[in-house]
Amino acid sequence: MNRRPFLKLVSALTIASALAATATTAETIRIGAVAPKTGPLAGGATVTQWPSIYLWVDQVNAAGGLTVDGEQMMIELIEYDDQTNPGETIKAVQRLATQDDAHFIIAPYGTGLNLAAAPLFDRYGYPQIAVSAITDQQPELSAQFPNMFFTLGTTTALAADVVKVLSDMRDAGQLGDNVAMVNVADAFGIELATAARPLFEEAGFNIVYETSYPLGTQDLSPVIKGAAAAEPDAFVAWSYPPDTFGLTEQAMIENLDVKAFYTAVATPFPGYGARFGAAAEGVLGAGGVNTESPAFMEYAAAHEAVTGEKPDYWASATTYASLEILAQAIEAVGLDRAAVTQHLRESTYETILGPISFDENNSNPDFWTVGQWQGGVFKGVASRGRDGAVPVILKDGWE
Amino acid sequence: MDILITGILLGGTYALIAMGLNLQYGVARIMNLANGEMLVAGGYFAFIAYTATQLSPILTIFLVAPLAFALNWLIYRLMLQPLVNRAKNRGQLETDSILATFGLSFIGVGLMLSFFGGDYFSYSFLAVPVELLGSTYGANRVLSFVMAVLICGALYLWLNQSRPGLSIRAIATAPASARLVGIDVKHLSALAFALGGAVTAVGGALISTYLTLDASTGVVFTLKALIIVIMGGVGDVRGTIVAALLLGILETVVASLLDPGLTLAAAYVMFLGILLFRPQGLFGKKPT
């Protein structure tokens, strides 16, 4: 073999790959993501957070990237598993900021993990568009961390709309005054129960049974038996994913025959509908979307095509919308993080949920609060500022 | 009465969770921290078999058991046997096996995540009420309890009546002396470990009919199993069953009569009490 052409080929290849390498580094935008892939919240993040991130990256790159200062930049996603451990979330954010030189970081998953990471997002100047972080502390938090934005509403709004849905049913003569309320003993459940208690009393309901159970309880039959013994007209559980499934199954077994049955997180998951089938009909839950909106339908179809999974009927779409917002802000002002944050405060963004803008507390005032399984789909029945809510139906047994 | 039956049913679940670890720790001397992952894997198998082919979990366990047996036998032979061979004493083997199986549990979680994803898996199997003495219970829990009774009963009989069972108990009691009377300790330890893995996986398949699992829930079960095995007395089948039932009844009594929020606290108080007054476990023998 003649060595010269071979050497030429090798050097040409080397130069070409070196050029390609510099070209990609110049044209990629590094986006960091940290959320649970293992640990107690992994199941939720796997449904709600990760697939929407993958879909967004896939779609942006398929379209040739983001247009930054007239230049097309492809997205390079750097992802970390925080094991549902706030310490790991903090470490990952630090690593993304200091070692990976991420241009932007997608907000973590879960209220606690978002709060844990907030000081670091603030220190390194990253905008934090939190989705799965529901709290009444939004005014204080946005004052303390001006880069932090909220998209999914507040605890009180979530609780108040459940109380309102039940009040409306009662006023229509469909429901009595007696409510059984239980909650998971974790930040989200405790905060919601605390917010809901005075609201129920104010609305003239009697809380005939109230208790909490620890995260990870394996046998929820005492909870449902206790609730059933109090003969409530409505059952409300501020629950997390595994117990949302457990409470529903026990309610079926005990034939807890209430006209309104509400469980919180994971009720809008496609897995919930698949698991309980026709029995899910009429179950109320946290969240909701306008399932009739063409934008949501298009998103859901793309979600399934790209990731192989269906989105949930609540925070999946909001997660995607938060990435649409980030993309629009970057395309508007470039990679300067302070400018992007400023743009987030001032602008209105077109998303699959409709227009979103942030108020003086960096909060999105328009969000879904209550949904219900109707005809195999989880439809929004109450919202703040969103169109497309459908009327509530009565729960008619578990058959 | 209602509380007692609910508690006993929960105790059956706990017996399923702990029985496999009892064999692995009590006989094979392997403190298997990947026990929970084996349980979740058994649950996955049942879930997939049920959703794909509508195969009843009660039949699935006859597939799960030999598969898990073979897999655990391989794990013991390839990964744990070298640790056993080089360990100078029981303490060293326990430390080494804890470290090795801790790693194994991460591998287990990682494999399940990459194959099945991190989503919850949960299906409706026999989620219908059955009436016992005037109260209703989930048919899936009752069925799992019956299976737990059968499995524990069979294990107990086998350990007490058969020759390999006798040898295994001899190893559990005095591993050094067992060798002197011609017991093939290596072979039987592998057998006990594999059997423990099979029981755990079958337990997982049964538990998946009423609990919602995901790829990383295994550690919760490992911890519970560990507590039960230690409370019952390491290596003692009766002790494991009694401790599991006591724990189930205690948790249900506290949840029904006091507050469901106190079940964890009650379980740990009981655990601490037993450690204080009978550190060798309910049925364990005092070290001589």
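Numbers here mean position along the shown chain, with the first residue as 1.
Backbone N, Cα and C define each Cβ position, glycine as well.
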### Query
Which stretch does TrEMBL mark as transmembrane segment, out of B:6-23, B:168-185, B:222-239?
B:6-23
### Message
Looking only at the recorded stretches B:6-23, B:30-52, B:97-118, B:138-159, B:264-283, which one has the largest tally of CB-CB distances under 8 Å to the transmembrane segment (B:188-211)?
### Response
B:30-52
### Query
Taking the transmembrane segment (B:97-118) as reference, which of B:6-23, B:30-52, B:138-159, B:264-283 has the most Cβ pairs under 8 angstroms?
B:30-52
### Task
Could you tell me what the rest of the chain brings near the transmembrane segment (B:264-283), counting residues at least six beyond its ends with Cβ under 8 Å?
227, 230-234, 236, 238-239, 242-243, 246-247, 250-251, 254, 258
## Note on the structure
Same-chain residues at least 6 beyond the ends of the transmembrane segment (B:138-159) with a Cβ under 8 Å from one of its Cβ atoms are 8-9, 12-13, 15-16, 19, 23, 58, 61, 125-130, 132, 165-166, 168-169, 199, 202-203, 206-207, 209-210, 237-238, 241
### Message
Give the nonlocal contacts of the transmembrane segment (B:30-52) in its own chain as ranges (CB under 8 Å, at least six residues past its ends).
### Response
17, 20-21, 24, 60-61, 63-64, 67-68, 72, 76, 80, 93-94, 97-98, 101-102, 104-105, 107-109, 112, 116, 121-123, 125, 193, 196-197, 200-209, 211, 213-215, 217-223, 225
